[in-house]
Every structure is written in structure tokens, then in C-alpha cells.
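Only one structure is covered here, and it is reproduced in the block below.
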Amino acid sequence: MMSRRRIVSLLISAFMLIFESGIVSSLESKILVGDGGAFRASKAQCVMYDECGPSPVNPDLQTNCVYDGPPKKLNSSESLETLRSMCPELVEKYGDELCCSAAQITTLQGNLGLPQGIIGRCPSCFYNFRQIICELACGQSQSEFLNVTKSKNATTGMLVSEIQAYVTDKYVTDTFDSCKSVMMSATNQPAMGMLCGPWGAFHCTPYRWFNYMGSTTNGYSPFDIVYNYIYSNYTGPFIPFIAGKSFKCNEGIDNVTSPCGCVDCEASCPAPQPFPALVPPAWKLFGEDGIFIIMGILCVFGNVLIAFIVIMFADKAATYNVDQPSEHSRSNNHSHHEHYDQNRLLPDGEILAMYPMDSSTLFQSAQGSIKKLFRIVGQASAAHPVLTLLLMFIPLILSTSLVTPLFKITTDPVELWAGPHSRTRIEKNFFDKNFAPFFRTEQIIISSSNLPFNRTNGDGETQTFGPVFQKKFLFAISQLQSDIESLNNGSLINICLRPLETNCTIFSLMEYWQNSPGNLNITTSNDTYLDHFLSCSKNPTSMNDGTHLQQSCMGKFGGPVDYKLVLGGFPDDSEEAYMLANTTILTFVVRNNRDEFNEEAKIWESAFISYMEGWSATHEKSLNLSVAFTSERSIQDELSRESKMEIKTILLSYIIMFLYIALSLGFGSYVCDLINRCTWRRYFWWKQMNRRTSGVSLIEESAPESATPPTETKNIKWLPRLLLSLAGVFLVLLSVTASIGLFSFAGVPATLIVMEVVPFLVLAVGVDNIFIIVQTYDRTCRNSDLPVPERIGQVMSDVGPSLLISVISESVCFFIGGLVAKMPAVETFAYYSAVALIVDFLLQITVFVAIFGACEEMGSVKIDGHEVLTNDSEEPSTSSSPNHQAVSPGGSSGLDAALQNEQTDPAQTGFVTLIFSNCYAPFILGSKWIRMTILMLFYSWLCLSIALVHKVDVGLDQKLSMPSDSYVLKYFK
């Protein structure tokens with residue numbers, strides 16, 4: 001305390017400088033000219049000179065003598081050089097003719113040394129500060145801006161008791177602005193907290209600063225200096241003091257001296273570099289998006305070209321096809337029957353034209369080899385189903401069994417979204433290796449929907465504060481913070497960051513009051529908790545807020561709290577906008593170690609999440625709040641929860657797809673037939689029997705044989721297709737598990753996208769292949785007299801190459817995607833999908849074909865030595881039936897029979913096929929105008945897509961990876 005008083009005494013003595021430069025001001029001062037004992041020089045000369053004795057008010061201080069005369073020559077060269085070192089501008093301006101003695105210069109040197117140590121770190125501030133001090137002490141023009149209004153007789157002369165100083169308002173304001181942010185190195189406090197006396201740094205203004213430094217009430221000034229602040233319209237008898245130039249804190253006073261540092265002058269802080277544009281500026285053409293203009297031109301030109309081609313050549317092409325000679329048709333028909341293998345009926349009813357099997361070309365040779373290979377594989381699998389199942393299922397089950405002990409899912413966001421060779425991952429690994437993993441962050445964001453409120457401060461000014469500064473809200477936040485600190489028996493103290501080894505680092509609005517609700521109720525000299533916050537927001541490192549409360553701004557953990565870290569919802573970026581904040585943020589900083597040492601932190605985070613879920617549910621409505629929170633483990637927990645949630649969805653999807661396949665492959669027809677037999681037919685049979693038994697003759701005629709429900713024929717045609725559908729879906733699921741098992745054995749963990757997308761992707765492709773194989777069999781080979789294995793071999797010869805090309809295209813695309821993808825989640829998904837598709841293809845051309853053959857064999861039963869085929873016809877098959885022609889590899893009877901069967905028996909044709917063949921195809925191909933419209937629409941769509949593709953945002957939105965009911969989504973928003 002004594003050292004502080006000593007510093008203030010020396011500062012005031014330096015600033016006063018009447019005796020040795022006193023500088024003060026009084027906002028309420030009045031001009032006292034020629035009233036009794038006032039002394040004023042008649043021309044520009046001195047009003048004070050030398051030291052005359054102790055001050056009447058403070059006897060420990062020496063004061064100046066009243067002197068009305070010209071400046072005197074300073075005979076001491078040593079004193080002149082001392083003055084030159086302190087006030088070089090003064091010596092350069094006046095020389096050695098000055099209004100101060102050698103004793104005053106010695107005192108001035110001692111008094112300016114201490115202020116220079118406090119505010120000298122900001123050169124422009126100290127320069128502005130010493131200008132008036134040097135003029136008051138030694139300047140020749142004292143009489144122009146100084147007026148001695150009170151004096152007192154002494155044995156050594158007339159002592160100065162009060163003077164008035166006339167200074168421009170601009171000088172006072174500029175000097176204050178250059179010094180108001182200067183920090184004292186020793187205390188890390190604003191210098192104004194000491195120089196402005198009882199007002200402190202927070203309430204200090206330019207006038208209050210000068211008033212305090214010139215008033216004898218502070219106990220350190222030898223006499224009063226009453227400042228009169230002169231504006232541009234002043235017309236009085238005095239010439240106000242005007243500094244040569246007042247420098248801003250970010251300006252250097254010369255070419256050698258640097259401006260104030262960033263700590264002492266915010267304007268000196270380098271402006272942050274603007275962020276580079278995330279999206280380069282769009283190319284403009286005629287003031288619009290260039291790509292859009294170009295594609296618009298191409299769209300118009302292309303549509304015109306399409307219309308021209310269709311209108312000009314559509315009719316000619318149709319006329320050309322109709323006018324062909326019949327001999328050519330007959331020769332082509334003969335060639336068609338001669339080369340049956342060049343045409344195959346695809347599942348959608350179209351005929352794929354193949355080149356004749358000419359071994360002279362490599363392509364035709366390869367095509368024939370592939371078809372032959374698929375015929376052999378299909379026929380062998382169907383002929384030996386048990387052996388096929390054993391050979392394929394054993395390795396499949398082994399690979400799938402690897403899933404249980406080795407399978408794991410990656411939920412770490414870093415492992416999912418940052419590649420091992422990405423820049424962010426490399427920098428993170430470098431930081432973790434050389435320092436330590438960054439802190440675990442537990443954060444709460446609380447927004448209040450209540451209205452702002454007004455209050456009147458000690459200066460009579462009305463201020464508006466946001467709802468987060470209401471005491472009720474702050475009390476709730478304080479209680480919340482205390483409850484969280486005490487979770488799990490206060491285990492937070494064991495895992496949190498403690499810079500001073502006492503309290504946890506918590507960034508919270510209540511830390512401005514050390515999380516003590518009692519500090520909110522303290523009021524001193526009209527200063528309240530709001531004044532404390534406003535002061536600390538400008539100087540968060542201060543141990544004394546500068547108000548009459550005299551409270552510390554430091555948090556309970558011993559560090560400063562920046563309002564930008566604990567407040568949000570500002571209306572703008574202005575300096576005072578944070579007063580209107582409607583959101584506060586609580587951040588608990590937890591130490592982060594390697595995964596094996598974070599178990600205690602994870603346990604505490606689980607308790608934290610559970611507590612916040614309950615707190616937000618009970619306080620959001622009662623306090624009109626919106627609460628969002630997260631922890632370091634939140635994203636991983638939500639990803640794990642979502643992966644478990646999707647299991648039910650996957651199983652349900654596979655069950656629905658199984659039912660759909662079963663209904664589409666024949667089970668639906670059986671259900672309809674069963675309903676028909678069990679309802680309408682039984683109903684009409686009972687009505688008929690009732691009429692016969694109620695007539696005159698009970699035995700008029702026997703009931704028709706067909707009316708009696710058949711009992712000797714076992715129609716089990718629904719069972720094979722039901723089992724086939726179940727097997728098809730099971731094989732698709734098995735291919736997914738086999739892929740997961742193989743990669744688990746290789747040490748490649750699965751991701752959420754694998755569990756959510758791959759099962760549905762493989763299901764879609766696998767079901768499509770099932771329909772291709774079964775429907776092709778039904779349309780071409782179902783009623784053939786060939787054995788089932790040969791029929792299935794013929795079908796696989798037809799559709800196998802298409803399935804092979806499809807799976808190669810799909811798997812290669814996924815492998816390429818895995819090679820070029822930089823995001824681990826996408827890379828893993830691509831590899832898992834490619835392998836699953838390959839395994840599914842192998843299972844379908846072997847295991848599914850084997851099961852298919854077995855199911856078709858099950859479709860025939862023996863009754864009294866006669867074979868009954870369970871197809872759509874209820875008549876037994878014979879070789880003489882026109883619809884049961886054999887399908888031979890070299891002939892065309894099988895295909896002709898299939899085509900003839902579909903044309904003559906539409907009842908066997910599927911409903912979807914009928915729609916496409918009888919409605920859709922005639923509508924699309926029946927009119928050239930419709931064809932032209934469709935081509936133009938799709939071409940326009942293509943152009944529009946290309947024009948807008950560069951506007952697609954690139955990146956991963958974290959919200960998309962969270963469950964729809966996750967609490968983390970609210971935090972992301």
C-alpha cells in the first residue's frame with residue numbers, strides 16, 4: 001500500500017509540475033480572470049518561476065513562486081542537457097530562455113522517470129503526456145494559457161495556491177485515447193486504473209483523468225489546477241494550449257520509434273488476413289453465370305437438332321422398314337431359325353441381337369467360350385446341388401464366422417472423415433506426438449428467449465442488457481455449473497485442466513464473479529455486478545475491476561475469461577454489442593490422453609450427458625430456454641447408436657423384399673388361387689348342393705365331378721418358389737456378411753456407411769439377378785421336356801454373360817472409387833461393396849442355381865405312377881403337347897415355343913409385362929412427336945444438370961451423420 005501511494009505521489013507530482021509540472025483538469029471549472037487576487041501577465045511571459053517553499057495544503061510538497069516577468073536564461077549547461085533529454089522539442093523551440101530554474105529541472109527529471117516506466121512502453125502516449133508537462137514547467141508562453149487565480153504570502157515570496165489552465169478539448173481527448181489501453185507490466189493492470197484515481201480504468205474519461213491529477217483532494221498535489229477545456233468557438237482572452245501534434249497509439253512519433261504494441265493499443269494489432277474464398281468467383285458472361293449461358297445455348301441448339309432429325313427422318317425410316325421385299329424377310333427368317341443362339345429373350349421381353357457365332361473373330365470366340373462356361377457351371381450346379389452347397393458354403397461360412405471375433409466398427413470422427421495422408425491428419429499426428437492430444441471439450445450452449453432489460457448506471461446513462469444478464473438466469477447457470485462439477489462425486493477435479501492445481505478450467509459467464517452468486521448482490525457507490533462485467537470485459541486479466549466494487553476479473557481457476565468465449569447471439573460486431581447477448585456458453589476443459597487413459601473421462605462424460613438431458617428437459621420450459629450440449633464422446637456414441645438402430649431397419653427391409661420376391665415368383669398366384677378355391681368356389685358348390693337337396697328328387701343328377709374339392713392331387717407348386725425366394729434373400733445377406741468377415745480378417749474395420757448402405761445396395765443388385773434368372777427360365781424353358789439341369793444350363797448360357805458384365809462394371813467402379821477416395825469412410829464403403837457384389841455374383845451362379853434346380857425338381861410329384869408337373873397348367877406334360885417343345889442348343893424350337901406361348905396364352909404373362917408391352921411401349925414408340933418430346937426433355941435435363949453441377953457444395957455436413965433424434969443435432973445448429 002505504501003509503495004502504491006508513493007507511485008501515485010510521484011506521478012501526480014510529475015503531472016502537476018507547477019512545482020514540478022502538475023497537470024490536472026476540472027470538468028466543472030470556471031474562468032476566473034481579474035477577480036481580486038488573480039495574477040495574469042500582460043504579455044507572453046512567465047507566471048511561475050523557481051521553488052518558494054512547502055505547499056499550504058500538503059506541507060510535504062514544494063510549490064512554485066508567483067512570477068510575472070520574462071523568461072530567464074538557464075546558466076547551467078548540465079541542466080539544459082538534462083531538459084533536452086526529457087523535452088527536446090521545448091529546448092529546440094525556446095533555447096535556454098526558460099521559465100524554470102535548475103532546481104525545477106532536477107525535480108522534473110525525477111518525476112518524469114516514473115511515468116515513463118509505466119506508460120513509456122507506449123511511445124506516442126508518453127509523448128503526448130509530456131508535452132503539457134514540459135510547457136507548464138519551463139515554457140516561455142505560460143501566460144498565454146495559465147492564470148494564477150489564488151496565491152499565498154510566504155517568507156520566500158508568493159506561493160501559488162490555484163491556477164487555471166486553458167487547453168483544447170482535442171488535446172485532452174487525443175492524449176487520453178492514446179493512453180487508455182496501456183497496461184502496467186508489473187501488475188498487468190491498465191495504467192488508467194492508477195492515474196485516474198477513484199474513477200478507476202472503467203469509469204475514467206479524459207476530463208476525469210485531468211481533474212483527478214490536478215486536484216489537491218488526492219493528497220499528492222501542492223495546489224489546485226483548474227482546467228478549462230476550450231473548443232473551437234472560444235473567444236476569451238487566453239490562448240489555449242495546443243500541442244504541436246498528438247499521435248495516435250498506433251503511430252510512431254518519428255522514423256525511429258515504433259508505435260505502441262498490440263497489448264497496449266488495439267489499433268496496432270495486425271488485421272486478420274481475409275479468409276480465402278471457399279468457392280472461386282463464378283465465370284461471368286454478359287453479367288450472368290457463364291456456364292449457365294453456354295449450356296442454355298447448347299440446350300436450345302440440341303433441341304432444335306433433335307426436332308429436325310425426328311421430323312425429317314422418322315417417317316422415312318418407318319417407310320423403309322415397311323417396304324422391304326418379302327424374299328428378304330423369308331431369307332432372314334430362315335437364317336434366324338438356323339442361328340438360334342444369336343437371339344435370346346431377356347427378362348424385360350426384348351430380344352438381344354447377337355452376332356453369329358463365327359470363330360474367325362476373337363470377340364465371337366470369347367463370347368462363345370463365356371456362354372459355354374456358364375452353361376457348364378449352371379448345369380453342373382443344378383445337377384449336383386448337394387455338392388455345390390458343400391463346396392461353396394464351407395468357405396463362405398468360414399469367412400462369415402470371422403465376423404464375430406474380429407469385427408469392429410469405427411466411430412471415431414477423425415478415423416472416419418480424415419484420411420491418413422490428409423494435411424489435417426498429418427498436422428494432428430505431429431501435434432499429438434510432440435505435445436499431447438488436444439483437450440477434450442464438454443460444452444453447453446444456452447439461449448434465452450426472454451426480453452432484454454434496461455438499467456441506469458452511476459453516471460445517469462441508460463444501458464440495455466440481454467436476457468443472459470438477468471440475475472435469475474445467472475443464478476440458474478451458477479447452480480448448473482456447480483452441479484456439473486459435483487457429478488460422479490466430484491471426479492471432474494481428477495480429469496480437468498488445472499493450471500494452478502486448485503480449480504478446474506471452466507469458461508463460463510459466472511466466472512466473472514468466480515461462480516459466486518453472492519457477488520451478484522453486492523452494490524457499492526451505485527456500481528453493480530453489471531458494472532463489474534463491463535469493466536472486466538475490457539480488461540479480463542485485471543485483479544481489480546476498476547469500479548468501486550474492487551472485485552477481481554479473473555476466473556476461479558486463476559485465468560482470464562474472454563467474453564467472446566462465453567457469450568453469443570450478438571446483433572452485430574460493434575464494441576458494445578455483446579451487452580445484448582442472448583446466449584451463453586459453458587465450456588469444461590478436460591485433459592486428453594491416449595485412448596487407454598481416458599476411461600475415467602469417458603465415464604464422467606456419460607454422467608454429464610445423462611445429467612444434461614434431464615436438466616434441459618426440466619428447465620427449458622420453466623426458464624424459457626433453448627439448451628444444446630455436447631461432449632468429446634458424443635459423436636462416437638451417436639454413431640454407435642445409429643449403427644445399432646439400423647439393424648432393425650435392415651432386417652425389416654430384407655423381410656419385405658423376401659415377401660415381394662415370393663409373391664412375384666409364383667407364391668402370389670398361389671395365394672390368389674387358394675383364396676379363390678376356399679371362398680367363391682366353395683360358396684357356389686354349397687349353393688348348388690343346397691338347391692339339389694331341397695328339390696323334389698334328391699337324386700336328380702349327381703354333382704359334377706369338378707364341384708367336389710379335389711383330394712387326390714397334391715398341388716405344392718407354391719412351396720418351391722417360397723423356398724427359392726427365401727434362399728435368394730439369404731444368399732444376398734450372406735454375401736454382405738462374407739465381405740465384412742474377409743475385411744475383418746484383414747484388419748480393415750467397418751464404418752457406419754457400410755452397415756447402413758451396403759446391405760441395401762447388394763440387396764438391390766442381388767434381387768435383380770434373381771428375377772433375371774427365374775423369369776428367363778419361366779419364359780423360355782419352363783415347359784420344355786429337357787431335364788431341369790439342362791434347362792437351367794441353357795438359361796445361364798443366355799443370361800450369364802450379362803450378369804458377368806454387370807458385376808464386373810459395378811465392382812470395378814467401386815474399386816476405383818476406393819483407390820481415389822481420400823475419405824476413409826468412403827474408401828471402406830467402396831471396398832466392402834465391391835467384394836460383397838463379387839461374392840453375391842458367385843453365390844447366385846452356383847448356390848442359387850443349385851437351389852433353383854432342387855426347387856424345380858420338387859415341383860413334380862408322382863401320383864399313381866403318373867407325373868404331375870406343378871406349372872401354371874393343371875394338365876400333365878407330354879412330349880406331344882405343342883407348348884412343350886424341347887430347347888436344343890442348335891435349334892430354334894425352344895425360343896419359338898416360348899414366343900408362341902406368350903402370344904397365345906396371355907394368362908401366363910405377368911401383369912407388369914402386359915403393362916409395358918400393351919401400354920407403355922405403344923405409347924412411347926407409337927408417335928414421333930412423343931419420341932421427340934421425350935428426347936428433348938431428357939436432353940434439357942442433361943444441360944441443366946451440367947450447368948448447375950459446379951454449384952454443388954463439396955464437403956461433409958456432420959448433421960447428416962447423426963440420428964434424427966440425436967441431441968447433438970441441436971448443438972450443430
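Quick reminder: no glycine exception, Cβ is built from N, Cα and C everywhere.
TrEMBL entries are annotated by machine, without manual review.
The annotation compositional bias 'Polar residues' is assigned in TrEMBL to 876-886. Positions annotated as domain 'SSD' by TrEMBL: 721-854. Marked as region 'Disordered' by TrEMBL: 870-892. Residues or ranges marked as signal peptide by TrEMBL: 1-26. The transmembrane segment annotation in TrEMBL covers 291-314, 373-398, 651-672, 722-746, 752-774, 795-817, 829-852, 934-952.
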Item to complete: For the domain 'SSD' (721-854), give the DSSP counts of helix residues, strand residues and coil residues.
Response: 118 helix, 1 strand, 15 coil
Worksheet entry | Other parts of the chain folded back onto the transmembrane segment (829-852), taken as Cβ under 8 Å at six or more residues beyond its ends | 374, 377-378, 381-382, 384-385, 388-389, 392-393, 396, 723-724, 727-728, 731-732, 734-736, 738-740, 742-743, 748, 750-751, 753-754, 757-758, 761-762, 765-766, 769-770, 773-774, 777, 792, 796, 800, 803-804, 807, 810-812, 814-815, 817-818, 821
Discussion item. If contact means at least 3 Cβ pairs within less than 8 Å, sequence distance 6 or more, would you call the transmembrane segment (291-314) and the transmembrane segment (795-817) in contact?
Written reply: no
Worksheet entry | Confidence summary for the domain 'SSD' (721-854), mean pLDDT rounded | 85
